[in-house]
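Asker: So that we are looking at the same thing, I have put the structure below in structure tokens.
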């Protein structure tokens, strides 16, 4: 189709669906007026009325995704200034000019060189101009035109997610919203149905459905149970062209999970449970575990266990293990096989989170019976009380019974019990107990003033099985009796002035009593009978547990009597009455007119913390004598040089110092027996050791005289003389060994190795006299003699 304008001619090529032509109503100036132009549209022609303008532009429409081998024809530009002589040149600029769009500069034909995609760029804006080829000057102004890309259905719908995940509670109603899926189509929504998307479900029926226009997925089946099936996979299709045939489509997957609701009550797998528990089971210890099954999960499966009834309702308790949802049965009170050996409980399991919507399914709880058999064990004796408190007077005689503890075997066998006192609690063994009847008695005198309470522990054990024992504390309080006489609260030493007046108070006395008095102590004071009439002082009892000493005469003379000793008798009012005689020392001193002491015979009374001149001189002399002694001793030590006991390696002597140990055997009562060195004279001399004090003087045990050995005796005498004359020898007896064995010892050899070398027979009867340790040896050698005789 070809269209004629006054100044430009826009032509359609004869190819179908390449371009469309639309007249622009706007007029631009600059071109001469021409006659009317014919516009061909389709198979008909329409007359275009001539108007005054220099350019008349059209919009060009071009289909996308052209698949032909030649360039795609867009349209033709023509100016009425073009005489067909080739003097004009057409120029194209703008979007894609010269690359995507080209123009024939002679004819004005426009072509697309590449396949276009509307989704990449839907509109191209270009500018056209005609210029004189020789001068290069434009013959008409530059004007703008548009090329629009027409859409075709070349894009399938795309979902915003490849996989959707959703969840809904189980047992939901039909039509419950699950999730909404969304698909988009890149085609032009304003042109045809290329971008109109319709949703449908390919997989997931009959459980779910999808709305075709919105993509909303809903439940389609009633009472979907998570316990039967938890996961569902739904495939949704999105198709363009309104779902018609030939449209493009895309799919997505929706994973739907049913979440749990509490629609299942707990159920015990069995109706009766049996457990065994020893009677010695500690409190709060587990006896057994039970579990009710719940098909729900998480908090919907949480179970609370309780004991609702039974004869062991108060004996046992049950708690819930939060990790395993098990019921743990524990002991609340001590079990006793002898009193009750079987308990029957009813245990109930209840959901802690109940959903009211499902109460119609039934009660969300279940119950079971638990039987607990108590087993007998060998128990230790049990005391009749957890603790005993006893009282005893401190003046009771030794072996007096103060109380009795009782324990018995709780087992059916009733084994007898014996009692004892834990000596770790009675180290002084003040008390003892009768092992048969449990009576506690004293074994030593008691003294309340020394120890008021005695806390001991008594042990009761089965006679047949002492390992089965139990303990009980016994608290013994010692009751007071009046067995202590009152005495002065302190030592009283006072003074009286020589110029004292009669009836003058010189000292106030007070007393204390170690005994306990329930009504308070009441002491009475008086002078001893021997001093009551002849004393120079009087005593006045104040009746408040104090007394005052007063002068009886006017003046005292310290040169005649410097010290008075005043005996005072103190008595209590308890039963039996206890009294004591205490002495008050009174010194006569010189005083001034105000009664202030000036001097006394006792210097310590005047200067209690000072020393007299004579005492200081004596102390000084002692210090001087001590210093002189130290200096002399140091000088003597310097003069005498001490050499080492071992001078060289050749002079090897072992000095044995006695520490009063027993020595070398049963018969060796002295540490060193010089007779072992074959010195018979030393045995006969019976000399005592000089390094220790003999315990008793006794006659030494005579032993048979050994045969004299001259060389050994000379060797010993020579070394003895050297040690006696050695100035460096230690100042104590020592035993020097010289590694010289000699020919034998007093006892001679017991070995049988030399027996074959002796000419005559030996008598071994003396071995029998050496005690039980040599009995085996005596029997051995005695039997040899008998064999020889036979």
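Residue positions begin at 1 at the first shown residue.
Cβ from N, Cα, C; glycine included.
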Asker: Which of these ranges is annotated transmembrane segment in TrEMBL: 593-614, 615-636, 637-658?
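Answerer: That would be 615-636, per the transmembrane segment entry in TrEMBL.
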Asker: Sort out the residues at least 6 away from either end of the transmembrane segment (615-636), same chain, that have Cβ-Cβ distances under 8 Å to it, and list them.
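Answerer: Here no positions qualify.
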Asker: Work out, from DSSP, the number of helix, strand and coil residues along the domain 'Cadherin' (79-159).
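Answerer: Its residues fall into 0 helix, 37 strand, 44 coil.
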Asker: Report the DSSP secondary-structure composition of the domain 'Cadherin' (384-488) as helix, strand and coil residue counts.
Answerer: 0 helix, 47 strand, 58 coil
